[in-house]
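Participant: Sharing a structure with you now.
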Amino acid sequence: NEAKVHYKVTSVEKLQSDLGEGPHWDEKQGVLWHTDINEFKVCRLNVTSGDTECHKLDDIATLVHPYPNGEDLLVTQRNKMVKLNWTTKKYTVIGEVAPELKGKERFNDGKADKTGRLWMGTILDSDKGVVPGKGNLYKWEDGKFTKVADNFYLTNGMTWPKDQKKMFVNDSQGRKIYVFDFDLEKGTLSNKKVLVDCNNSTDWTVNDHPDGLTIDITDHLWAASDYAGRVVKIDPNTGDVVDTCSIPCPLTTTPVFGGANMDEMFVTTAYKNGGPDQRTAHPTCGQTHRITS
């Protein structure tokens, strides 16, 4: 059994996002990019001052990833990939998936591997909500999308260990964490297996839905648990929960490591139209939180 750590959790943001998501630590600029999906915003957070600068697009924005030049950003917007210039705020569509579905299949979470390839998952929306088993996984490489896996309920966070020989992918509504064999050079996935099934594990409550995902220097997974207000540390081989850190907001969305020494964890949260009672009970909901030990 691993020793439990005492964590310090503080809000580092003044802005309250309706659905804060997709955090990316920008090492060059020392800032945290994130989105507010429901408000169509791409945001740049100074974690020292707590100030956030946002730009509102014309549709939902889920993933943000900076280009090496520091000026341009890749943003997934519903079923499109757009290139956004942060200075001019002009953006152009550079890719699209499933145009025949007119945006019913839309992007959710995603991340870049070591080579810079972007991987992102989709969900299929309908009048009755998300359609089970119709979520897909795509990669964005050389200016085009390729579907690499299917049969997800609600694809979400993803990450890789140091050796990049595995890829872990969360399925929030399916309440599972999958692991694939991963070929970094070829950019291919194989051998999909269930690492964690929250439906059949005493480590997880009925409220737990694995949302965003990251990994630490010891290759332990950290999953934000939406609706349960916590981030959990997971053994990447057994799938067992080995530690947990409570966040003062039930709607915990995505963790990412950052800071000057990459040893601080930042976690986005959601407010999701919470009423005055929620604002009183959870005043930092919708803000980004920092976890240190």
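One-based numbering along the chain as shown.
Heads up, the Cβ atoms here are built off N, Cα and C, so glycines get one too.
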Participant: TrEMBL records GLU21, ASP211 as divalent metal cation-binding residues. Which of ASN79, ASN151, ASN156, ASN261 is assigned to the same site?
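Facilitator: TrEMBL lists GLU21, ASP211 binding divalent metal cation, and from ASN79, ASN151, ASN156, ASN261 it also lists ASN156.
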Participant: So around the divalent metal cation site, GLU21, ASN156, ASP211 aside, which residues have their CB within 8 A of the centroid of those CB atoms?
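Facilitator: Same chain, not in GLU21, ASN156, ASP211, Cβ within 8 Å: GLY22, ASN108, ASP109, GLY157, ASN170, SER172, GLY212, ALA224, ASP226, THR253, THR254.
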Participant: Between ARG106 (substrate binding site) and ASN156 (divalent metal cation binding site), what is the CA-CA distance rounded to a whole number of Å?
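Facilitator: With the alpha carbons as reference points, the distance is 12 Å.
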